[in-house]
Amino acid sequence: MSFLSRQQPPPTRRVGAAYSLRQKLIFSPGSDCEEEEEEEEEGSGHSTGEDSAFQEPDSPLPSARSPAEAEAERRRRSPGAEPSSPGELEDDLLLQGGGGGAQAAGGGAEGDSWEEEGFGSSSPVKSPSTAYFLSSPFSPVRCGGPGDASPQGCGAPRAMDDPCSPQPDYPSTPPHKTFRKLRLFDTPHTPKSLLSKARVIDSGSVKLRGSSLFMDTEKSGKREFDTRQTPQVNINPFTPDPVLLHSSGRCRGRKRAYFNDSSEDMEASDYEFEDETRPAKRITITESNMKSRYTTEFHELEKIGSGEFGSVFKCVKRLDGCIYAIKRSKKPLAGSVDEQNALREVYAHAVLGQHPHVVRYFSAWAEDDHMLIQNEYCNGGSLADAISENYRVMSYLTEVELKDLLLQVGRGLRYIHSMSLVHMDIKPSNIFISRTSIPNAVSEEGDEDDWISNKVMFKIGDLGHVTRISSPQVEEGDSRFLANEVLQENYSHLPKADIFALALTVVCAAGAEPLPRNGEQWHEIRQGRLPRIPQVLSQEVTELLRVMIHPDPERRPSAMELVKHSVLLSASRKSAEQLRIELNAEKFKNSLLQKELKKAQMAAKVAAEERALFTDRMATRSTTQSNRTSRLIGKKMNRSVSLTIY
């Protein structure tokens, strides 16, 4: 081949002509150098690609070919053999990808010429895919060393040693587009999983310094924003299913409709997924950076009470003008033991909601390491204040008022126990009095509460010791009202401990001496012996109180049984069901009386009719007799005779 034919850029041909080109190839013996000499003699330095391709013989290096390549060559040389499809031609190209057209991809200026495999000479036919050839060292045809790049496969000597060899030194990389056209892999490219992309990002890929700098800045800013936006919440242990509610938050996975190959989007999505699966953090009572809510929203009127937890203030809310009771802790709670009790009270208030015999809860917040709880204001104070005032003036609650107290607090305990909670600190200072003239509505259970005095309403408050019945975390309350089984850490009958404390609360309201905190009298009470009551109570009430402090908690009535006890449901305090039963009985009696009345009326009517008939008969008989007498008289009488006397 002439030097001019190598330097002149060959004309562009379509790759689709390779199939027809392959069928017209004519092989002639001779070396490459002889062919070039003939071309020089003819003066055909501008020969076309077809002439050079038709007249060039095979490369004289067929000895080191593999059996698969030899079989492919034999099929091409057999007479009448034609490739079945263009895909078969590309398969042959892949088998001999170490040389020929496969090697034409790696060169410099002459790398655009496509060598027809099996001939060893360069063809000026331009391949459209040569612009996309890759120079990657990885190839389906692997060679043993850097010198094994010959078209005959691995282990063959390099053809470039021959000065007349037309093969340049190209790496063994197949055409990129041609390899894709083989469709060896039918499935589409599978996107990387989230974990694999995260590993790729963590391993550190090669990136531009400027782009990575801005990317890190953006991602760090995004993470700081997400951290600020992620709320920290407490988990209420008194909700029906706190574990399920918490786990459902973990399952809020954000589904994407497509996968983005961008590393920024991928890392951002991974971080969002981690934020959603992050467990909720517990908020501690710390100083707030905002303005004091207590002084901003409320106007303090007076201090109405104090206790172990803190002080209670009577306040007016500036917005609505209503009066509330604000409970503020005495000392800072952050990190102290009382913090758990404060949070437990907030949890219990939030779960219990609104009930006529439970102090209503509105809100709670932390301010300057103090807990503040906004509750309903009870204008009658606590029962302990009323007992102290009665003890000072030597006045006690009457038996009717004691029954009223038992029934109302019992209904409050029934509601708390129905929520699978126990109060564990029932005592006079935790029962509040609300005096109102508004008639009470029908309770949730359907019981009519109109019989209750419309002047006094007893409510249960201070829920700092509330715990669950199923998984108790008991914090012992006042020892004066503590049941013995709780002291012995027997938590199998916790609702009955509230009944025990309620009985002693009623005893204190009845005028008994202050209860002992320990000692022999304390044990006597736990053995079922009532303290001395200065007033005389009925036998039924005394027996009910004695049963409520029975040493065996199973013998004590439950809150449900207590509110339906016959002692508390007197003639004026009967339930709607009992009133309905009595009404039905009275209706039955009335129906019987009506039947008797009808019978009496019928009998009287019959008697009157008989009497009238008898009277008529007597009148008819007397008339007949009178007529007969006149006729007789007429017969007996002589005819009148007129006399004329002169």
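Including glycine, each Cβ sits where the backbone N, Cα and C put it.
According to DSSP, Ile304 (ATP binding site) sits within a strand segment. Residues annotated as ATP binding site in Swiss-Prot: Ile304, Gly305, Ser306, Gly307, Glu308, Phe309, Gly310, Ser311, Val312, Lys327.
When secondary structure is read from DSSP and collapsed to three states, Gly464 (Mg(2+) 2 binding site) falls in the coil class. Gly464 (Mg(2+) 2 binding site) has a Cβ environment of 25 other Cβ atoms inside 10 Å. What Swiss-Prot records for Asn341, Gly464 is Mg(2+) 2 binding site.
The compositional bias 'Acidic residues' annotation in Swiss-Prot covers 32-42.
Annotation source Swiss-Prot lists compositional bias 'Gly residues' at 96-110.
The feature compositional bias 'Pro residues' is assigned by Swiss-Prot to 165-174.
The feature phosphoserine is assigned by Swiss-Prot to Ser52 (among others), with similarity to another entry given as support.
Residues or ranges marked as phosphoserine by Swiss-Prot: Ser123 (among others).
Residues or ranges marked as phosphoserine in Swiss-Prot: Ser127 (among others).
Among the features that Swiss-Prot reports, phosphoserine is placed at Ser139 (among others), with the record citing similarity to another entry.
Per Swiss-Prot, the feature phosphoserine maps to Ser150 (among others); the stated evidence is similarity to another entry.
The annotation phosphoserine is assigned in Swiss-Prot to Ser165 (among others).
Taken from Swiss-Prot, the feature phosphothreonine applies to Thr187 (among others), supported by similarity to another entry.
The feature phosphothreonine is assigned by Swiss-Prot to Thr190 (among others), with similarity to another entry given as support.
Marked as phosphothreonine by Swiss-Prot on the basis of similarity to another entry: Thr239 (among others).
The phosphoserine feature in Swiss-Prot is assigned to Ser269 (among others); the stated evidence is similarity to another entry.
The number of other Cβ atoms within 10 Å of the Cβ belonging to Ser311 (phosphoserine), over all protein chains shown, comes to 14. In three-state terms derived from DSSP, Ser311 (phosphoserine) belongs to an extended strand segment. Look at Swiss-Prot and you will find Ser311 (among others) tagged as phosphoserine, backed by similarity to another entry.
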Where's the emptiest Cβ shell within 10 Å among the binding-site residues Ser306, Asn341?
Ser306
Three-class DSSP assignment, Asn341 (Mg(2+) 2 binding site), comes back as helix
Between Ser306 (ATP binding site) and Gly464 (Mg(2+) 2 binding site), how many Å separate their Cα atoms?
15
Rounded to an integer, what is the Cα-Cα distance in Å between Asn341 (Mg(2+) 2 binding site) and Gly310 (ATP binding site)?
12
Long-range same-chain neighbours of Ile304 (ATP binding site), Cβ under 8 Å, sequence gap at least 6?
Val312, Phe313, Lys314, Ala325, Gly381
So the record assigns Ile304, Gly305, Ser306, Gly307, Glu308, Phe309, Gly310, Ser311, Val312, Lys327 to ATP. If I measure every Cα pair among those residues, what is the longest distance in angstrom, as a whole number?
14
Under 8 Å between C-beta atoms and at least six apart in sequence, can you list the same-chain neighbours of Gly310 (ATP binding site), or say none if there are none?
Lys327, Arg328, Ser329, Lys330, His370, Met371
